[in-house]
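> My questions all concern the structure below.
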Amino acid sequence: MNQTTETDSMRINLQRTYKDAINALNSLQSNFASIEATKKLGPSVNRNELSINEVHEFTKRLGYTPTDFNKLNIIHITGTKGKGSTCAFTESILKQYTISKIGLYTSPHLKSVRERIRINGQPINQEKFAKYFFEVWDKFTTTKSDPQECPTLQPCDQVKPMYFKYLTILSFHVFLQEGVDTAIYEVGVGGTYDSTNIIDKPTVTGISALGIDHTFMLGNNIASITENKTGIFKKGVPAFVSRQLEYPETHELIEKRAKQLGVSSLEFVDTEDLPNVKLGLSGEFQKQNAALAIRIANSHLKTIGITQDLPEFNNNDGKIKKLSNKFIKGLENVDWPGRCQIINNNPTGITWYIDGAHTIESINASSTWFKQEQIKLEKPKRRALLFNQQGRENYAELLEKLFNVTYGTGSEPQIKFDDVIFTTNTTWSSGQFNSELISKNTSEDAVKKLEVQNNLSEVWRKLDGGVSKRHVFADIETAVNYLKDLGDKDLQVFVCGSLHLVGGFLVVLDNERD
């Protein structure tokens with residue numbers, strides 16, 4: 001199993017500072033070699049079942065049972081595209097009501113790992129993160145698992161959960177200790193075997209748009225992915241699912257799984273125009289996520305006994321008849337950096353369009369959003385693309401999708417780039433990462449040789465016939481400085497691809513060095 005043991009060289013002199021917590025957490029990351037080995041094995045029910053059982057065991061060693069988590073009144077959301085935005089919309093709506101503490105657990109983070117564990121919209125502070133992190137760390141060091149029941153967790157005092165699993169367990173501990181009374185959980189990968197799926201009785205479950213991703217864990221077809229995602233359905237709990245416009249064939253399987261798992265109700269949610277609402281997240285596709293969040297929040301509020309100031313729905317088709325002012329305010333005030341985010345960077349005059357996207361479906365949505373924003377502009381502008389997809393085997397296919405959407409076909413408007421830049425996710429020109437942006441799951445050799453970036457540059461040359469100026473940089477800081485040095489007051493820059501790129505870009509833009 002993917003666990004980590006503390007060898008003598010890895011033993012960390014734990015001084016109980018936030019920086020020490022980050023260093024300890026980073027020691028739990030899977031390295032590139034172990035991830036590649038897992039990919040070659042393909043999906044494994046036995047391995048996945050073992051993984052989720054280990055989460056149960058680790059929480060047991062902390063002194064918790066699955067029913068303890070029911071106190072959190074958990075909303076559980078999965079999907080391939082839009083699950084994070086749906087969580088953000090849901091949180092923003094609920095903040096308008098008299099809920100004392102709302103927890104939000106999401107992944108990945110952009111700039112700081114504390115973004116993953118929020119209370120009332122704010123990441124927990126460094127002091128609390130370190131405090132709770134080491135409470136969990138010490139408990140795992142001083143407790144034991146039955147070697148017959150948990151042979152993979154031996155020796156108990158050395159084995160810790162890997163990075164994401166540890167953070168998930170930590171989030172449960174934080175929320176319970178902090179007295180959170182509503183918690184929103186975004187699934188990491190899939191559903192059935194995800195670390196978050198130890199939840200016994202959520203108040204409601206939701207699934208956003210489905211697509212092909214994480215195939216080495218979930219299978220390489222939409223049916224197996226749907227089977228896994230629907231694993232968050234729970235007996236007696238309502239389920240809301242975005243209507244799957246790209247994969248309508250999944251509806252029958254979703255209905256079958258809902259029946260198998262005994263949900264109290266299942267509703268497919270259509271995208272709706274909300275004429276009196278200006279969503280806080282731009283992009284036409286966010287209407288779908290907002291519509292799903294409206295149903296999830298409405299259901300949750302009723303479950304916890306809040307029945308005033310809720311939306312009204314039509315009896316015949318279930319569509320929204322009237323939104324309450326609180327729902328409107330929540331939808332308009334949502335804040336979710338790095339997703340369809342626009343930053344006007346004075347005094348340089350550069351406008352940055354930022355969106356993390358790593359699947360064909362999300363690249364399509366992201367590129368469409370950027371294109372629509374550019375079409376609105378009155379006169380032609382100079383444009384640049386900043387792109388990376390490290391660790392994605394289909395990076396060329398993703399770049400080709402971006403090109404096809406922005407450049408268009410036939411009579412479609414064409415949005416072309418004057419400069420195209422490919423960079424690694426390395427933060428600084430010194431070759432260093434900010435400590436909270438370190439990722440061990442890519443090949444160091446490939447990063448040093450700029451293999452992916454040079455390949456992407458060649459792919460683009462073939463796509464546009466060598467018209468754009470192409471640049472390959474070893475780090476994000478150098479790429480950003482190049483764009484700033486262009487001196488074009490109307491430069492429009494599309495920052496797209498890996499969320500690791502987006503997070504590093506935001507750190508560089510704000511010059512937030514460790």
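Even glycines carry a Cβ here, placed using N, Cα and C.
Feature table excerpt (Swiss-Prot):
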type    : residues                                   : note
BINDING : GLY82, LYS83, GLY84, SER85, ARG339, ASP355 : ATP binding site
BINDING : SER107, GLU186                             : Mg(2+) 1 binding site
BINDING : HIS214                                     : Mg(2+) 2 binding site
> For ATP, with binders GLY82, LYS83, GLY84, SER85, ARG339, ASP355, what's the maximum Cα separation in whole Å?
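With GLY82, LYS83, GLY84, SER85, ARG339, ASP355 as the binding residues for ATP, the largest Cα distance is 14 Å.
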> So how many other Cβ atoms are close to ARG339 (ATP binding site), meaning within 10 Å of its Cβ?
24
> Quick check: which same-chain residues outside GLY82, LYS83, GLY84, SER85, ARG339, ASP355 lie with their CB within 8 A of the centre of the ATP site CB atoms?
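Other same-chain residues near the ATP site: LYS81, THR86, ALA88, LEU281, ASN289, TRP336, GLY356, SER362.
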> Are there any residues at least 6 positions away along the chain from GLU186 (Mg(2+) 1 binding site) with a Cβ closer than 8 Å to its Cβ? List them or say none.
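Same-chain residues close to GLU186 (Mg(2+) 1 binding site) (Cβ under 8 Å, separated by 6 or more) are ILE77, THR78, LYS83, GLY84, CYS87, TYR105, THR106, SER107, THR196.
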> Neighbour count, 10 Å Cβ-Cβ cut-off, for ASP355 (ATP binding site): what number do you get?
24
> Sorted by position, what residues of the same chain at least six away from GLY82 (ATP binding site) have a C-beta under 8 A from it?
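When sequence neighbours closer than 6 are ignored, GLY82 (ATP binding site) has SER208, ALA209, SER242, PHE285, GLN286, GLN288, ASN289, LEU292 within Cβ distance under 8 Å.
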> Restricting to the chain of SER85 (ATP binding site) and a gap of 6 or more, list residues whose Cβ falls under 8 Å of its Cβ, or answer none.
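Long-range Cβ contacts: SER208, LEU281, GLN286, ASN289, TRP336, ARG339.
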